[in-house]
Structures are given as structure tokens and as C-alpha cells.
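Novice: This is the structure I have questions about; it appears just below.
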Amino acid sequence: MLSENVVKLLNDQMNLEFYSSNLYLQMSAWCDQQGFEGTAKFLSVHAAEEMQHMRKLFTYLNETGSLAVISAIEAPAHEYKSLKEVIETTYEHEKLITSKINELVGKTFEEKDYSAFNFLQWYVEEQHEEEKLFSSILDKLNFLGEDGKGLFLIDKDLGNLSTKA
């Protein structure tokens, strides 16, 4: 049985994953409007992955006899100055998710809820991969620059990444 504190944190995380899905889907719409079709596809695939993360938490809460509570989700920003701003925003958002997962893992360990602690290890590993991915995309963008050729190459690369996911 999960404690009230852990249930609240799991529900908060579930709703944050839901927001993440909406954020990446909205970013994909902006990218599509700007002609960054590869990035739009990549972010759309990533939005679906975030929804899977949300569903995993939803299922876990219900399987443990707790109630998964979906809250009102704030609308994400829909305007960006550049592709670089989109990528920087995704990277910063993933760092926020990591900090929230770490807080949740710490709380489960503190409360000696080893089942929840074990369940969350998947998210710990996933966040390591997410931060690494978005950091490397940002590094490439900084290296290639924001001129036409650099943006073309990044967009093409992200489009290729979306087919591997």
C-alpha cells in the first residue's frame, strides 16, 4: 500500500508526463509550420512516448489500490523564436523531469517503499537517456549553427531518429 505522500507524488509525476506529451506535440506543430518536418515527426513520436510514461504511472497507481487522478493540464507554449529555442526548451524540460523523478525516488526510499522504488528505476534510466539525447541534439545544433545548412542537417537527423524510435 502506497503512502498518501507517495500517491500524491506519483499523481503529480503522472500529470507532468501528460504535460510533457502535450508540450512535445505542440512543439511538433510549431516545427511543422516552420518547415522542420523531420523535427516535427521526431517530437510527435516523442510526445507519444511521454504519453506511454504517463500511462505506465496511471496503471501502477491503479494496480496498487490507489487512485490515479488526472488533473487539469496547463496549455504549453505554442510560439518559439527558433528551432534552437525548441531544443533548449526540451532539454530544460527533461532536466526538470529528472529532478522530479529523483525527488520521487528519494521519497520512496525514505519511506522504505521498495516496491515503488523498484518501479521508478525504469524512469531513472529513461531520464538518463532523455537528457543524453537532448543534450547531444543541442550540441550538434550549436556545432552546426543556425544557418540554413545547419538547420537542414539537424532537421534531417531528427527525422531519421524518429524512424528508429
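Cβ atoms here come from the backbone N, Cα and C positions, even for glycine.
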Novice: For the Fe cation 2 site that Swiss-Prot assigns to E50, E94, which of Q13, Q127 is also named?
Specialist: Q127
Novice: Pick the one from E17, E85, E88 that Swiss-Prot also lists for the Fe cation 1 site with E50, H53.
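Specialist: Of the residues offered, the record points to E17.
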Novice: Same chain only, sequence gap of 6 or more: which residues have a CB within under 8 Å of the CB of E17 (Fe cation 1 binding site)?
Specialist: E50, M51, H53, M54, L57, I97
Novice: In the same chain, which residues outside the set E17, E50, H53 have their CB within 8 A of the centroid of the CB atoms that define the Fe cation 1 site?
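Specialist: Same chain, not in E17, E50, H53, Cβ within 8 Å: L16, F18, S20, S21, E49, M51, Q52, M54, K56, L57.
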Novice: By the count of other Cβ atoms within 10 Å, pick out the sparsest of the binding-site residues E50, Q127.
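Specialist: Per-residue Cβ counts within 10 Å for the binding-site residues E50, Q127 bottom out at Q127.
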Novice: Beyond the listed site residues E50, E94, Q127, identify every same-chain residue whose Cβ lies within 8 Å of the center of their Cβ atoms for the Fe cation 2 site.
Specialist: S20, H53, H93, I97, T98, E126, E130, E131
